[in-house]
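These features come from TrEMBL:
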type	residues	note
ACT_SITE	B:340	active site, proton acceptor
ACT_SITE	B:341	active site, proton acceptor
BINDING	B:141, B:204, B:227	NAD(+) binding site
BINDING	B:250, B:272, B:275, B:341, B:374, B:428, B:433	substrate binding site
BINDING	B:272, B:275, B:374, B:433	Zn(2+) binding site
């Protein structure tokens with residue numbers, strides 16, 4: 001198991017080519033599971049639509065039924081007593097607690113510096129501007145899976161708290177073999193300012209957050225990563241609630257030149273590749289020497305790692321090394337790919353930062369490797385995947401507010417704008433619009 | 001035909017109650033049209049999914065086929081020569097041209113004042129921050145319908161241009177009975193800085209923008225209002241491209257007290273109600289006197305208006321007057337409803353502005369009526385409908401950029417953050433993550 005070396009032309013057509021979410025082949029295992037659970041060969045989107053419709057009309061009872069049916073788990077009350085959060089924090093080992101606190105502090109410090117303010121102008125004939133209002137109630141989905149992810153709790157909830165959201169609701173499935181989340185998840189929730197925890201996962205949890213049930217009040221927006229079913233559920237409830245985006249498999253592109261330390265780059269690629277069999281760990285380099293050195297370092301390091309079953313698939317799946325003509329070509333390939341993470345490990349990284357058009361995050365130089373961004377560098381690790389960095393941003397405080405436009409014209413400006421508006425309204429065939437303006441003008445002239 | 005007066009309790013359960021988009025009853029006419037066009041009783045979402053899948057794989061040929069089948073219109077090339085835009089502007093009457101220019105100037109002036117800037121901090125142990133990058137290519141949908149809507153061209157394209165978007169693509173169906181859009185649409189496009197126009201509408205136009213065809217390069221984000229099919233198409237392509245939101249029927253809430261001019265309020269409600277049979281024109285007032293005066297004024301004014309067929313339905317549909325106990329109750333009802341437009345026509349409007357939690361736009365005082373916002377006050381008239389002001393904002397320059405998080409830690413901070421990260425990574429079972437940090441620490445200590 002090792003990284004394959006591609007030429008740019010082949011890479012463009014294979015490694016760097018991504019299909020939008022809904023035409024990806026559904027793995028046979030998923031198809032079979034749906035057939036078993038639903039008794040017919042539904043697509044994942046159809047299966048999700050059924051769950052959503054059912055929870056929407058059936059409330060808590062439907063929620064319990066789906067949770068039992070899909071996850072073999074249910075509860076009479078999904079809500080965890082809020083006191084459990086502080087208790088979990090108090091019982092955490094002091095090492096882990098300090099690590100979580102240190103991460104939380106940097107994440108908060110970073111997001112507090114993000115400009116976020118209402119604005120007003122008085123030089124357009126009155127008072128105009130936009131008011132920033134925090135969302136009232138936000139839902140954060142944290143996946144279950146093989147290991148608990150306290151970092152995702154911090155990375156999602158802290159920007160919400162900084163934005164001023166009062167009600168931050170965490171939903172997460174129980175830990176495997178238990179009826180509640182891992183203690184470290186609850187401890188992270190306590191630190192991040194989570195106000196409610198519901199132990200429920202999957203598309204049914206998204207339905208509960210979007211529509212509300214008898215015991216779970218609906219939220220205004222749902223954020224956070226999840227599996228295929230959670231992601232499809234988020235897409236389908238978009239519009240009923242806000243969502244942050246559709247999370248796909250994670251991706252890192254490392255652009256490196258001959259000055260890079262091959263052992264470090266290899267470690268960074270392996271850190272990326274261990275996430276998941278679909279994870280993409282890609283190095284773009286004009287240095288043939290580095291390419292081979294990294295290949296060898298990956299082979300050496302992988303032998304000493306756990307999660308070999310995942311690495312065996314991810315290293316030969318969406319990962320690889322692309323030998324480019326020069327750094328310009330590497331940047332161009334990266335911009336077209338629009339990676340979630342981009343690490344610049346080159347002699348003069350700042351020279352290239354301005355040329356990066358699309359990426360969730362840029363990690364500048366070999367001391368700012370992506371693992372630091374996963375935990376404690378400061379920015380949220382919830383970043384756009386699957387090429388959505390073309391149009392989407394990392395999770396940030398703006399995701400947790402909305403704007404209200406403010407129009408308070410002085411009477412003279414209102415009269416001028418009224419004349420223009422009446423004229424355009426008539427061109428659009430909207431006579432009642434025009435008359436609302438005429439009426440003011442008539443009163444002013446009388 | 002007139003506005004009904006509701007008590008708050010009844011209003012909460014009827015007038016002010018909105019169903020999320022996908023459970024609204026599909027009108028019989030739509031059902032029959034789908035049956036006729038598709039030969040089977042598909043839901044609108046299923047019909048849209050077919051069109052999207054077909055254009056995605058079939059490209060231009062599928063686009064032509066659907067346009068012919070659904071709209072009875074097709075072309076060998078949907079692209080309008082760019083010279084047509086300036087030509088349309090040059091041929092516009094000078095009155096209309098001045099009105100469009102005046103509106104465009106105010107819209108641009110307003111959006112240029114919106115804060116939008118990259119930020120950097122150097123006090124977190126290195127250089128961290130977020131870079132603002134304009135989207136590269138944006139698609140704007142402008143509906144056809146009974147009358148051309150040049151205002152929507154200005155309100156969508158100008159914020160994009162202000163944000164720095166280079167490629168602004170307009171798609172719009174041909175004017176009824178013609179093979180091209182109205183000249184005033186093209187003139188507005190010229191003023192707003194549109195770079196390409198494709199004469200195509202419906203879900204097939206959204207598919208072309210999202211996936212691209214042989215002749216229409218895909219865009220990064222699609223904005224602008226449309227009918228049910230366009231809206232469902234936007235929902236289904238969300239994730240493949242960015243979208244601004246799902247537009248529903250337009251809404252205005254007027255909160256008024258006894259100081260309001262009933263003729264003006266009536267005119268404003270009628271302007272709202274003439275949009276569309278589903279439009280909501282709602283007054284909330286504690287003044288019984290005003291309620292009856294507005295009722296009478298509406299009855300008088302409506303008699304002199306065209307579009308009576310629309311008004312006859314919209315005035316008794318989602319529109320009405322709610323008699324509240326006091327202004328506090330009116331504000332509370334409005335916040336729960338989260339209207340697209342909110343007009344404050346009360347003695348001391350500024351006192352109430354801070355209490356408004358959810359609205360697309362606040363129009364302060366009777367000189368700042370909503371019609372001005374439709375055309376030329378400054379803010380975009382593309383505002384969140386259907387209660388989505390709970391989580392969404394009016395279209396603004398932030399819709400046309402994305403952020404890239406920037407992480408450049410100094411080596412000492414990187415070492416500290418590395419220790420924290422390794423600890424949290426091990427708690428999450430991600431050993432390769434921890435080793436990427438360990439490796440740096442080992443080198444630093446050796």
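For all residues, glycine too, the Cβ spot is worked out from N, Cα and C.
Just so you know, TrEMBL annotations never went through curation; they're auto-generated.
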Sites among the recorded positions B:340, B:428, B:433 close to chain A [C-beta, under 8 Å]: B:428, B:433
Those binding-site residues, out of B:275, B:374, B:428, that come within 10 angstroms of residue B:340 (active site, proton acceptor) at the Cα: none
Residue pair residue B:227 (NAD(+) binding site), residue B:250 (substrate binding site) - Cα distance, angstrom, rounded: 12
Candidate nearest residue B:204 (NAD(+) binding site) in space, where candidates are the binding-site residues B:250, B:272, B:374, B:433 and distance is Cα-Cα: B:250
Listed in sequence order, residues not in B:141, B:204, B:227 with Cβ within 8 Å of the centre of the NAD(+) site Cβ atoms: B:143, B:171, B:173, B:201, B:202, B:203, B:205, B:206, B:226, B:229, B:230, B:233
Binding-site residues compared (B:204, B:227, B:272) - the one with the fewest other Cβ atoms within 10 Å: B:227
Three-state secondary structure, which DSSP defines for residue B:250 (substrate binding site): coil
Recorded positions listed as B:340, B:374, B:428, least Cβ neighbours within 10 Å: B:428
Cβ neighbours of residue B:250 (substrate binding site) where a neighbour is any other Cβ within 10 Å: 25
C-alpha spacing of residue B:341 (active site, proton acceptor) relative to residue B:374 (substrate binding site), in angstrom: 10
Three-state secondary structure, residue B:340 (active site, proton acceptor) (per DSSP): coil
Nearest of the binding-site residues (B:141, B:272, B:428, B:433) to residue B:341 (active site, proton acceptor) - Cα to Cα: B:272
Lowest local Cβ density among B:275, B:341, B:433, which the record lists as recorded positions, within 10 Å: B:275
DSSP three-state assignment for residue B:141 (NAD(+) binding site): strand
Distance from residue B:433 (substrate binding site) back to residue B:141 (NAD(+) binding site), taken between C-alpha atoms, in Å: 45
Binding residues B:141, B:204, B:227 (NAD(+)) - maximum C-alpha distance in whole Å: 13
